[in-house]
Structures are given as structure tokens and as C-alpha cells.
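Worksheet: one structure, shown below.
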Amino acid sequence: MKEILPGLYILRRDRLATSPPSQEPLYGEKIVDGLRVWDPRRSKLAALLLRYPCLEGVVPSGKVLYLGAANGTTVSYLGDILTGGMIYAVEISPRAMRDLLLLAEQRENIIPVLGDAARPETYRRIVEPVDLLYQDVAQRNQAEIASRNASIYLKPNGLMVVMIKARSIDSTARSTEIFDEEIRRLSGVEVLRRVDLPHHRDHVAVVARKLR
């Protein structure tokens, strides 16, 4: 077992693990030797970190704006390694927000935000400047949403990770063409790396850094 980031371990070659504050599973996941198994086949962030552990400088004490939090599964793993940090988890679905609120009752470093990531100005009173912007949304204008949120909330030199979903943008064009176009549309950032995600068809992760 190898620690690749503070609190994040490679458990065998194809699994990650975190050190949770509680030994009780949150979503039916396995607990092995006190570590919480994180399956990259089920989480795009886990798939990215297994190939490119890009969160150095963010964990363990950074602030994160997470767009597209859904019911909070990946948010909870990120919370495990942000032991001294904070996650602002933005989700538009009231049903998913109920799950996020239950999660936040167990994790003090998660703040659920019911809101539309395409309207970042609506949560200005809640979200502070952040060290990482993480986006996993299904809207068509994914690059625009990421760029607008980064311009408001991401600190200079802050890290941005965008999971681009090709089929949410265009169901007919080739995925590679969609990825190229969305990356070109990102503004105010320098793209550091584009990472293919095994087990996540028609998705790619884009890692970028905000310009000063």
C-alpha cells in the first residue's frame, strides 16, 4: 500500500482508499484495515487520481468548490482527505440535496449548496475563494460553466478539474472533437493535462490552473 497524497492510498493497483473519520460505511463500500475503499470504476475523480494524483497543495487543508455534487458519494471521499479543509457542494436537484444534507450531518467539512452551477452569482454569499474547482455536471455548456465559476471563486493559481461529458454536449459528434472544442472554450486558465478515464466512456478529465 502506497500513500500518493496525504490520506490517499493505492490499495492494489486498481483501487484507492481513504482514511475515514468513522469505520461505518456510508454507501455500502468496503472498509479494509480501517481504510475506505474508493472504486475508480464508480468515481471519475478516483479514476483521475489513480492515473494523475493532481491534488498536491489542495489536500489536506484546502477549500473546494464542487459543482455537480449529486448525492455526495465522491464528495464524501474528497472530504476524507480534506481533513483540515472545506467543500462547498453545489447541486441543483432537491432530491439529491436531501442526501447531501444527511451527509453533512456526519461530516463537518461539507457545506451543501442548493443551486445551479450555471448561475454562480447566486451562491456568492455562501462560497468563499477556493483552492480547487471540481466540476462534474451534465449541461451542454460545461466549459462556460467552469470558466464562470473559476473567474468568481477560484484563487489565482488555483487548480481546476473538469470532467467533460461528451454525450451531454452532442450525441452525434465524435467524443474527441467535443473534448477538443470544450478545452478550447475554457477561459482564464492554463490547461495542464488531459486525462482519459478508464471505465468512464465518453468522458475526459481536464486539469488546469487559473492564471493570475
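Including glycine, each Cβ sits where the backbone N, Cα and C put it.
According to DSSP, Ala138 (S-adenosyl-L-methionine binding site) sits in a coil region rather than a helix or strand. Ala138 (S-adenosyl-L-methionine binding site) has a Cβ environment of 13 other Cβ atoms inside 10 Å. Taken from Swiss-Prot, the feature S-adenosyl-L-methionine binding site applies to Thr73, Thr74, Glu91, Ile92, Asp116, Ala117, Asp136, Val137, Ala138, Gln139.
With a 10 A radius on its CB, Asp116 (S-adenosyl-L-methionine binding site) counts 15 other CB atoms from all the protein chains. In the three-state DSSP reading, Thr73 (S-adenosyl-L-methionine binding site) counts as helix. Highest local Cβ density among the binding-site residues Glu91, Asp136 belongs to Glu91, counted as other Cβ atoms within 10 Å over all protein chains shown.
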